[in-house]
């Protein structure tokens, strides 16, 4: 055998031996003394669950879009700890229902004209598939806010309109006014989110043919119209000289009683305004209109027995909409998370976030992941921040404690774990003059967390928000996506534009 061939054989043998060694070293496990630790075992169990979650790559029959208004990632973290501690746990280890969903991504929330967005522009992006400006409702970027004459021809059709045209049932549920920015995007097209009733519109807009948002809901006639509506906002549908069942006057100046108009349109429909009426809705009702407050519904922390919870409204809406063999599209908004944040009141924001999670659990329990796509997200974030080095299990709404001792600033003053970047909780003076809160004060439901910048109303923030998803096409949520991408996943699941 030639020398060259012998050398090649020798090299080949060495490489084969090395490969064998490498293969053995890669496949042979090494000892891990921590493998019996509870955290290690828990992670291994979660690995197994993740491997079992295969993509559901087929059409969906139904879609539910959950929008936690103002639910930043920081809000989710705080709500997780809050609810865990309410259940007697240390808190940090608790898992919200939304966090159990197998697919997730981050959503980039900016509007076309704003780094820090508002609910109108963000919700419009989610339901129409195109980003747009702050303050406008389901129109494209050609529309100028407040200018009615820019709307015609620039309306962006919503997933709800498309679904209704396909013969699907459609519904919207909110703890805010049903004419408020987020729910309005599902059925209305407006140059201004504030045009909730005719009295809020300038005469030039009315003369140019624009219609207020409440009237657009009543006039929604795509397919069989809107099937289920639950929320607040009776005042937007009633004239100024009409008093509702709770003694509140309407806001309309055009003399129209839109509730009566809806009842005339749907003589077999069910209009309800309180818990008793809600509970009496027949299981086979086809058209339901529930307005449970004159303005927004009550905060969850303050809710009495006279109006349904978000979870109850969600469950009822699913039951009613599911009667349609062709499927349904439903929006559920937790609108009051946002309002509590604007007030600088973290406690009520967390209560409403947990109520939102209860509604998500109700939907997860009632639906089949093989035919129902559920998307959970937020429209935008808020300036809620978590700071300090609080001990494990420290009350999330309490004063920050480290190693069992109160944490203090450079001036010896106590501070809470949760604060806001701006808002009404700021103090006019700084440094040693900052109030020194007590545990009793900060644990009060009405306490306003301190903030750095003094504003009458705390603002949104431009941070990304989370998307959680389960069901057909949910696996398409990956990485960081533009907010309008949410519509396109719904479209992929339902084939709305195909």
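Even glycines carry a Cβ here, placed using N, Cα and C.
Because TrEMBL annotations are produced automatically, they should be read as predictions rather than curated entries.
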Out of 37, 57, 69, 140, which one does TrEMBL list together with 338, 342, 379, 380, 460 for Zn(2+)?
69
Judged by other C-beta atoms within 10 Å of its C-beta, the most isolated of the binding-site residues 180, 342, 380, 460 is 342
Please report how many Å separate the Cα atom of residue 380 (Zn(2+) binding site) from that of residue 333 (Mg(2+) binding site), as a whole number.
13
Determine, for the Mg(2+) site, the additional residues of the same chain whose CB lies within 8 Å of the mean position of the CB atoms of 69, 180, 182, 333; present them in sequence order.
67, 119, 123, 174, 176, 181, 183, 334, 335, 338, 379
Using all protein chains in view, find how many other C-beta atoms are within 10 Å of the C-beta of residue 69 (Mg(2+) binding site).
29
Neighbourhood of residue 182 (Mg(2+) binding site), C-beta criterion under 8 angstroms, separation at least six
67, 69, 119, 120, 123, 174, 176, 331, 333, 335, 379
Nearest to residue 180 (Mg(2+) binding site) in three-dimensional space, by Cα, is which of the binding-site residues 338, 342, 460?
338
